[in-house]
Amino acid sequence: MWLRLFFLLLYFLVLFVLARVFEAVVWYETGFLATQLVDPVTLSFKKLKTILEGRGLGYSGLPDKKDVRELVEKSGDLMEGELYSALKEEEASESVSSTNFSGEMHFYELVEDTKDGIWLVQVIANDRSPLVGKVHWEKMVKKVSRFGIRTGTFNCSSDPRYCKRRGWVRSTLIMSVPQTSTSKGKVMLKEYSGRRIEVEHIFKWITAHAASRIKTVYNSEHLKEEWNKSDQYRVKIYLFANLDQPPAFFSALSVKFTGRVEFIFVNVENWDNKSYMAEIGIYKTPSYVLRTPEGIYRYGNNTGEFISLRAMDTFLRSLQPEVNDLFVLSLVLVNLMAWMDLFITQGATIKRFVVLISTLGTYNSLLIISWLPVLGFLQLPYLDSFYEYSLKLFRYSNTTTLASWVRADWMFYSSHPALFLSTYLGHGLLIDYFEKKRRRNNNNDEVNANNLEWLSSLWDWYTSYLFHPIASFQQFPFESDWDEDPDLFLERLAFPDLWLHPLIPTDYIKNLPMWKFRCLGIHSEEEMLEASPESESDSESESKEVFSSEKEVSEDDELSTVHNPSEGKPRCNADNCSCAKKYCPNEPYERKARSYGSCSSTENMEPDWSAWPSNMLHCTECVVCLENFENGCLLMGLPCGHVFHQNCIVMWLAGGRHCCPVCRWASYKKKQPYTHQQPLSNEIPS
């Protein structure tokens, strides 16, 4: 997870640097930046009208270019970035969908039950033509959709009873606007009563009704009273302008942020005394001023703060976010982080997508589960102070210059999704290249695995997980209350031939006891020299193997070996040592003792049982390779007490047979220690 988070943060850093590079390139080619002001005098009449449409100001009665330019100046300063965005939206000319209501419940669910938006619905009466024609309606839909106003068509033929109850006997236009200034308040429906059905007149009617919700200040005394008043709103935004009514984007935002931000329009058109404006720091109009408990912030002075709906909406969301805004942001970040698995995972292509789907499901499930207690805590009344401090932190951090750069980059990349996706793909391919190179240097075989090999291993894992019994993953020698569970033996006896090997990690092998086999007596050097040359060469090869095994064991710090106290004595050669075979009474079957090489049977050469762990059974033969233990060889014991050559039993267990070769007791499960019988008097070594 931390690796994916690191790569995601690195990707955001790349986007930030890339945006600064784009700004430098634009400045080098054109000589201006996005924050540079534009003189409206230098713009054409078409561009001026585009700016007014983007801000939501009507210009139908202004045929002269001078009047249009003055209206642009009265509504706010124009920046190069806003001009570029407005022209780009004009050229895009994307078709905006409109909702077709199927009946009363559909209309109620979308229009009357939606408390934070504006709807414009065209009602078509029975056997009547629509009030607005198809061509004008498409223009109307496109115009109002720029300000977040949703549109729809209700045909009374689908539900004539509802139209009759509402009194819709003729085709008309219905506008729904929240009636109160509180969040989730009542919605009022207003019917268009004008006679002219041109797009501009209908739009002017919409903006007039939306502006009626905004508190308007007409004199300095009213401004002083409003400025010093403390009420439920912690954040207020003032528009000081010489306009008849606020722009449409300002009115639309007042509906969108109902209950969170209060919008106030200060009309300074007929003011004679502006001294109080100078006292509060307002020296020019138009001005967009944000008033918070922390102070005053002038909107439009930093990067990306344009006079448009999208820019101010992003700005206000960062200052006064809803819980839903934070959830959507976390959802986007988590999914971007999860998609990094597509490039971090190496191997077959199918493996990448399987891991990706698994990661997406896991991360989204954890995100939703994590948000549930957060939503519950936010409902508690004694967390109001925590909520206020969190919003204060948001306001402090998002009024900085760095935050304005981040908002500008967000608007830039969201308006260019192809660039965002291509940079994400390029970043992922670089991660894939370096990850593949790193794993190849480590000789990792999964890099070269193909789809068929991986699917085969996946199927084996799935069938093993689905059909095999669940094994205990506790490592030996930890004790468990389930070790003596009789159900295990009943299940074993009921289905002896269907006993499947469970999926068990092999880490427990490192914790199994291991020691060296020693004899108590050794022969003299003269007898050792009398051995045949052939046996001597065999002895040398065997001692080399033992020495290499000893070296490997000494390098592993985790192996619990039991060392012989007489380490400095000469080792007993297998050809010259005679270690009598001790009968093991607990073995299920008896084996005859076999002599190895020219080993003689004398009572002086007993194995050194004191070096053995107390819970191990005494024996001198490995039932895996059917050879006697040699002096100095490495032994390993299982929890059941049976002992084998270390190499033999490790190969047995690593092959997937996690049980004892003798008694079939699970090699990873603890067993009650075996109590040795007291040796007879004639078996005590001399």
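FYI, residue positions are counted from 1 along the chain as it appears here.
Each residue, glycine too, has its Cβ placed from N, Cα and C.
The stretch that TrEMBL tags with transmembrane segment, taken from the ranges 234-255, 410-431, is 410-431. From the options 15-40, 353-378, the stretch TrEMBL describes as transmembrane segment is 353-378. For the domain 'RING-type' (622-664), the DSSP counts in helix, strand and coil order read 9 helix, 11 strand, 23 coil. Within its own chain, the transmembrane segment (353-378) has Cβ neighbours under 8 Å at 323, 327, 330-331, 334-335, 337-339, 341-342, 345, 387, 458, counting only residues six or more beyond its boundaries. For the domain 'RING-type' (622-664), the mean pLDDT of the prediction comes to 89.
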